[in-house]
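Participant: Once you've had a glance at the structure underneath, I'll fire off some questions.
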Amino acid sequence: MPVVTTDAESETGIPKSLSNEPPSETMEEIEHTCPQPRLTLTAPAPFADETNCQCQAPHEKLTIAQARLGTPADRPVRVYADGIFDLFHSGHARALMQAKTLFPNSYLLVGVCSDDLTHKFKGFTVMNEAERYEALRHCRYVDEVIRDAPWTLTPEFLEKHKIDFVAHDDIPYSSAGSDDVYKHIKEAGMFVPTQRTEGISTSDIITRIVRDYDVYARRNLQRGYTAKELNVSFINEKRYRFQNQVDKMKEKVKNVEERSKEFVNRVEEKSHDLIQKWEEKSREFIGNFLELFGPDGAWKQMFQERSSRMLQALSPKQSPVSSPTRSRSPSRSPSPTFSWLPLKTSPPSSPKAASASISSMSEGDEDEK
């Protein structure tokens, strides 16, 4: 593994080039005892001042190409990332994830600046330094947390923590009288860029809170915080509490409206179902009625059958013309049928003439007999 030559150091004390001379035998015999990357996530990451690293092996510098090819298991690539990490959010976590996955075998050290340095160079923070330290310890990508990290990285700090590379976004970070606090790191070939996550930052979160300050103040008053704790005046406190009562009434009215709408919808659904069932029953009833009492219904057919039976029972059958009884008595002739012809008679002129005509008619009858 190449070692650093003393003649290739820049003015800042950071080595700029690497020699290809093989290490001496004494250097190979000494094993690395530096902390290894965390294999389990059941405990938070340790602080740098608690690890007590006593590794005596010389820390040989690596190029980015060598680090990407991979290193021995006992020689992880030590990557450093620093920041304020106020209101730790997903953008911070993604940046640390990128720093952790830059190389196959990496050990991620995260430096967190103290409150004094942050308030001096950047401004007031929402979380204090202890809270920010703890937030970083519980990030799964972090192997070690360095408290009170320097604002500008010095050669002594890099050598103390045996840092191979520094990971940060490539945007120049002007602060502390410098156009870019990572300029000397970039010149030394130790800078590895990461990508920022758009749409999320600590400043954006604070802007949301300030924009909706009244909403959050009312919410916290409702949850039991006092006006003194929220730094709210007496008048604003009463206004917020009154607004909370108004919102409660609005919520109740809204709930009643929603319930009434649900009730109306249920009634409409049930009435619709009821109407459908009633229509089905009506169609069934009408169909059954037509089948029974319609023009070709069963009732009419039954009435016709009964009527025909009654007619057959009431009217006897006529005997045929050539019946046996008529053939047995051939001598008997049917009685003659007489047709009375109309006679024109003049009215009798006298009672005697009328009696004479009647007597003549009776005599004629006796002669026929």
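In case you wondered, yes, glycine gets a Cβ from its N, Cα and C as well.
According to Swiss-Prot, the protein carries these features:
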type	residues	note
BINDING	ILE84, PHE85, HIS92, LYS122, HIS168, ASP169, TYR173, GLN195, ARG196, THR197, ILE200	CTP binding site
BINDING	LYS122, TRP151	phosphocholine binding site
COMPBIAS	319-339	compositional bias 'Low complexity'
COMPBIAS	351-362	compositional bias 'Low complexity'
MOD_RES	SER315	phosphoserine
MOD_RES	SER319	phosphoserine
MOD_RES	SER322	phosphoserine
MOD_RES	SER323	phosphoserine
MOD_RES	SER329	phosphoserine
MOD_RES	SER331	phosphoserine
MOD_RES	THR345	phosphothreonine
MOD_RES	SER346	phosphoserine
MOD_RES	SER349	phosphoserine
MOD_RES	SER350	phosphoserine
MOD_RES	SER355	phosphoserine
MOD_RES	SER360	phosphoserine
REGION	1-27	region 'Disordered'
REGION	309-369	region 'Disordered'
Participant: Are any of HIS168, TYR173, ARG196, ILE200 (the binding-site residues) within 10 Å of LYS122 (phosphocholine binding site) when you go C-alpha to C-alpha, and if so which?
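Facilitator: Final answer: none.
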Participant: Give the distance between the Cα atoms of TRP151 (phosphocholine binding site) and ILE84 (CTP binding site), rounded to the nearest whole Å.
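Facilitator: If we compare the Cα positions of TRP151 (phosphocholine binding site) and ILE84 (CTP binding site), the gap is 10 Å.
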Participant: Grab the CTP binding residues from the record (ILE84, PHE85, HIS92, LYS122, HIS168, ASP169, TYR173, GLN195, ARG196, THR197, ILE200) and give me their largest CA-CA distance in Å.
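Facilitator: Farthest-apart Cα atoms in ILE84, PHE85, HIS92, LYS122, HIS168, ASP169, TYR173, GLN195, ARG196, THR197, ILE200 are separated by 21 Å.
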Participant: HIS168 (CTP binding site) has how many other Cβ neighbours within 10 Å of its own Cβ?
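Facilitator: A 10 Å sphere around the Cβ of HIS168 (CTP binding site) contains 21 other Cβ atoms.
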Participant: How many Å separate the Cα atoms of SER315 (phosphoserine) and ARG196 (CTP binding site)?
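Facilitator: Cα-Cα distance, SER315 (phosphoserine) to ARG196 (CTP binding site): 114 Å.
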Participant: When a 10 Å sphere is centred on the Cβ of ARG196 (CTP binding site), how many other Cβ atoms does it contain?
Facilitator: 16
Participant: Between the binding-site residues ILE84, ILE200, whose Cβ has more other Cβ atoms within 10 Å than any of the rest?
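Facilitator: Checking each of ILE84, ILE200, the winner is ILE84.
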Participant: By a 10 A CB contact count over all chains shown, which of the binding-site residues listed here is most packed: HIS92, LYS122?
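Facilitator: Compared across HIS92, LYS122, the most Cβ atoms within 10 Å surround HIS92.
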